[in-house]
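Database features (TrEMBL):
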type: TRANSMEM; residues: 28-51; note: transmembrane segment
type: DOMAIN; residues: 43-294; note: domain 'G-protein coupled receptors family 1 profile'
type: TRANSMEM; residues: 63-88; note: transmembrane segment
type: TRANSMEM; residues: 100-122; note: transmembrane segment
type: TRANSMEM; residues: 142-163; note: transmembrane segment
type: TRANSMEM; residues: 198-223; note: transmembrane segment
type: TRANSMEM; residues: 244-267; note: transmembrane segment
type: TRANSMEM; residues: 273-293; note: transmembrane segment
Amino acid sequence: MATSNSSNSLSSTFYLTGIPGYEEFHHWISVPFCLLYCIGIMGNCTILHIVRTDPRLHQPMYYFLAMLSLTDMGMSMPTMISLFRVLWSISREIQFDVCVIQMFLIHTFSFTESSVLLAMALDRYVAICHPLRYATILTPRLIVKIGVAALFRSAFPLIPLLVRLTYFPFCRSHILSHSYCLHQDIIRLACADISFNVIYGLIVITVLWGLDSMGIFVSYVFILHSVLRIASREGRLKALNTCASHICAVLILYIPMIGLSIVHRFSKHSSPLINVFMGHIYLLIPPVLNPIIYSVKTKQIRQGVLRLLLPSKH
């Protein structure tokens, strides 16, 4: 029976949702989405290029920034094809196995980005509180280990959820509430006991996001304590300014993430537009804004961008 359910679910076709109530405007709505994706891809690729080609940026802070750019693209790129297939009226259909792969990538890179932000907070802690030991603590070998650990830490907890999902029969409506697949969206369509997925999923979110956010908070407590001991006002502002971009990146990720979780769990009778709106903010805003913020607030990145745009003058 389990095998039958598995084969049924794997052959199931689901239907993605664009912008409810505005289907006749989908082609026009696709224009700003296309611009946002282009800005996000170009911005993050620019960050990666600058960090790779400028030897002066081969430092822990910029390696972590490159990781952030990779996770930003990893979180948003899996949704691009399915979104434009819906908005351009090519097809709303998505097969179950493709849906599972898509949600695995979205959730994995979402958790990975949270872990990278924790690593960046620790980087700022070491740079401000232990500046003389910065290079000896955050070695290239350790940075690679942190990146690999962040990825595996984010991916492995999802496997039980997705494996169990393949055994669920789906006898209700196969219409999803987004133009891409999310675990919390698809389990509501299952005709089976989903208690394990709901409880285990909540535990995974609480543990991963909870540990990351707690680590970021504790890092900034120590950073603030160290900054307040700096004698000059200019020194304190300079130290805090190095953290401004990171704080913005944390807020840009966590606020939409928490908002989308709340909408899915507690707003069952709210307008479908709220679900769609929060989902797109969650996946598009970090990849678009993070490169802009770091280009504006980080002198070395800003200079690298100017050298690309105006090679003869910079």
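Placement of Cβ uses the backbone N, Cα and C atoms for every residue, glycine included.
Just so you know, TrEMBL annotations are computer predictions that nobody has curated.
A contact links the transmembrane segment (198-223) to the transmembrane segment (100-122), because at least 3 Cβ pairs that are 6 or more residues apart lie under 8 A.
Put simply, of 63-88, 100-122, 244-267, the stretch with the most CB pairs closer than 8 A to the transmembrane segment (142-163) is 100-122. Counting residues 6+ beyond its ends, the transmembrane segment (244-267) has Cβ neighbours under 8 Å at 68, 110, 113-114, 117, 120-121, 124, 182, 184-185, 205, 209, 213, 216, 220, 274-275, 278-279, 281-282, 285-286, 289-290, 293-294, 297-298 in the same chain. Across the residues of the domain 'G-protein coupled receptors family 1 profile' (43-294), the predicted structure has a mean pLDDT of 89.
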